[in-house]
Amino acid sequence: MVVVPKQVAGNSMLGNSSIWGDEKCNSYLLFYGETALGNGLRAFLYFLGLAYCFIGLSAITVRFFRSMENVVKHSRTVVEVDPHTNTEIIKQEKVWNYAIADITLLAFGTSFPQISLATIDAIRNIGNLYAGGLGPGTLLGSAAFDLFPIHAVCVVVPKAGELKKISDIGVWLVELFWSFWAYAWLYIILEVWTPKVVTIWEALLTVLMYGLLLIHAYAEDKRWPYISLPLTRGERPEDWVPAEVASVSCEDDVYGGYTEILAVEEDKNEEIVDILSFHSEKRDDSIYRKVPAAEDSVESSNRPFQKEINLEDLHVLQLWKKQLVDALTLESPKSRKLNNAHLRVARILWQSLLAPWRLLFAFVPPYQIAHGWISFICSLLFISGIAYIVTELTDIISCVTGINAYLIAFTALAAGTSWPDLVASKIAAERQLTADSAIANITCSNSVNIYVGIGIPWLINTAYNFITYGEPLRIENAEGLGFTLMVFFSTSVCCISVLVVRRLILGAELGGPRFWAWVTSVFFMLLWLIFVVLSSLRVSGII
């Protein structure tokens with residue numbers, strides 16, 4: 001029996017309907033009755049659904065990062081024998097190397113929405129000789145969003161006059177090299193080596209390059225001879241995240257005759273988390289402590305005070321119960337203290353909007369269990385589920401409006417799925433004493449987008465086509481994708497050049513005089529607009 005491959009191009013299935021035309025799109029999300037609505041109303045509703053999915057991605061990302069922090073903070077006991085005194089020395093050693101954690105857990109985690117989108121699109125596209133445009137389009141658009149708007153935000157985040165520079169230039173240069181090589185490699189595949197097709201060996205090499213990035217970055221961090229760059233490491237603060245004085249407040253009774261003390265800074269209803277606190281090598285992992293009622297009665301004054309609190313003392317079911325209660329609480333203690341009634345109402349409405357997502361994600365096991373690994377994996381599964389819904393919505397929006405799916409992918413879809421990257425880098429620029437993690441997250445996320453986000457989907461499709469049909473994977477719009485790569489490469493050189501000039505003149509990549517920080521921010525946003533406009537015009541066939 002001869003297997004006939006599908007040769008329908010990825011976007012042809014989307015139809016040519018338009019919200020201004022009379023043609024109907026027969027695709028629907030939940031019910032066939034949706035097709036009875038007008039195209040304009042359907043497009044509006046689907047865009048609302050897409051925005052709500054992005055809110056869900058932001059919410060689950062918070063829980064994902066909390067679990068990631070617990071994973072990275074895990075340490076092991078190491079026993080060493082002093083050769084001089086022959087005495088045993090017991091010390092705690094971090095399991096994770098921070099450079100590897102930045103490239104894997106942090107960069108991979110913030111890029112997981114895009115990676116899930118691309119992988120789901122590839123699985124749906126199995127059996128088609130042409131690659132889907134949704135995945136690569138989203139990842140290229142996400143790379144541009146990471147490099148330009150996120151840099152634009154980070155450069156103005158530090159206080160006026162405050163300078164934050166990269167302390168380990170060597171590791172950053174390694175990450176930057178592999179980030180630029182990723183896009184050069186894509187261009188070589190699509191335009192030079194095997195034009196307009198991707199072979200299984202090219203896809204496999206793309207994935208393996210991620211492993212080379214990890215080895216090279218680790219070698220540079222450890223300053224391996226003959227492999228690492230001969231650059232001295234700058235002064236690195238002992239604590240990557242400076243210690244903050246945390247005021248706490250008492251809440252009566254909670255679990256079994258004890259009073260729970262909640263840190264005000266970790267408001268249970270806030271959708272914000274200190275993503276990169278794992279860089280503090282001496283940070284105490286404890287958050288809560290149980291205080292007997294008698295002790296609490298002595299110190300239950302109105303003025304804030306500090307206590308060591310340990311959530312791990314609580315029972316797992318109690319922690320899970322607290323998650324559910326927090327998810328159903330619409331007004332936090334912080335909101336109750338607001339004097340402005342309008343702000344309180346706005347906060348309550350926002351929490352009401354988040355309530356369905358918060359309740360759903362409350363069923364993720366507490367991140368204090370098994371060093372956060374169970375919560376880490378469950379969060380990734382939820383992210384994949386939301387990414388699948390986003391993929392379906394994007395297909396339908398393209399069908400209803402007639403807008404090219406690739407155009408939607410590298411604009412709205414890329415910006416929405418890159419929100420975790422923005423959150424991570426912004427918090428790093430705010431809290432950390434250096435710019436290492438804020439900028440490393442951007443460059444590493446771009447590398448992950450190519451080596452994993454495009455490499456794995458292409459490996460899935462090329463392997464199936466090679467085994468089933470003996471054919472490679474064809475790229476329908478290779479010229480457009482290659483043009484987008486060239487535009488991105490040119491604008492990214494301008495972006496990195498500005499960072500280098502700031503380092504030479506101001507002494508740091510982020511912060512500095514407020515005027516020049518804003519000038520840099522506006523320039524980065526201008527580069528992003530140039531990328532989006534030129535790529536959109538090329539995809540639309542105008543240029």
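Cβ coordinates are placed from backbone N, Cα and C, and glycine is handled just like the others.
Residues annotated as domain 'Sodium/calcium exchanger membrane region' in TrEMBL: 46-218 (among others).
For 372-535 (among others), the entry in TrEMBL reads domain 'Sodium/calcium exchanger membrane region'.
The transmembrane segment feature in TrEMBL is assigned to 43-65 (among others). Counting same-chain residues at least six beyond the ends of the transmembrane segment (43-65), those with a Cβ under 8 angstroms from any Cβ of the stretch are 19, 29, 37, 109-110, 112-113, 271-273, 275, 353-354, 357-358, 361, 364, 367, 375-376, 379-380, 382-383, 386-387, 389-390, 393-394, 396-397, 400-401, 412-413, 416-417, 419-420, 423-424.
Summarising the annotation, TrEMBL assigns transmembrane segment to 169-188 (among others). Packing against the transmembrane segment (169-188) from elsewhere in the chain are residues 99, 103, 143, 206, 209, 212-213, 216-217, 220-221, 223, 228-229, 231, 233-234, 436, 439-440, 443-444, 446-447, 449-451, 454, 481-482, 485-486, 488-489, 492, 496: each is 6 or more residues past its ends and has a CB under 8 Å from a CB in it.
Positions annotated as transmembrane segment by TrEMBL: 200-219 (among others). Through the fold, the transmembrane segment (200-219) approaches residues 97, 99-100, 103-104, 171, 174-175, 178, 181-182, 185, 189, 193-194, 227-228, 447-448, 450-452, 454-456, 458-459, 461-463, 466, 472-473 of its own chain, all at least 6 residues removed from its boundaries and within a Cβ separation under 8 Å.
Note on the transmembrane segment (370-390): residues 50, 53-54, 56-57, 60-61, 63-64, 66-71, 74, 112-113, 116-117, 120, 360-361, 364, 413, 416-417 of its chain, located 6 or more positions outside it, place their CB under 8 angstroms from a CB of the stretch. Annotation comment: TrEMBL describes 370-390 (among others) as transmembrane segment.
According to TrEMBL, the feature transmembrane segment maps to 397-419 (among others).
Look at TrEMBL and you will find 439-460 (among others) tagged as transmembrane segment.
The transmembrane segment annotation in TrEMBL covers 481-503 (among others).
According to TrEMBL, the feature transmembrane segment maps to 515-537 (among others). A Cβ distance under 8 Å defines the sequence-distant neighbours of the transmembrane segment (515-537), meaning residues of its chain 6+ beyond its ends; these are 140-141, 144-145, 148-149, 151-153, 155-156, 158, 407, 410-411, 480, 483-484, 487-488, 491, 494-495, 498, 502, 506, 543.
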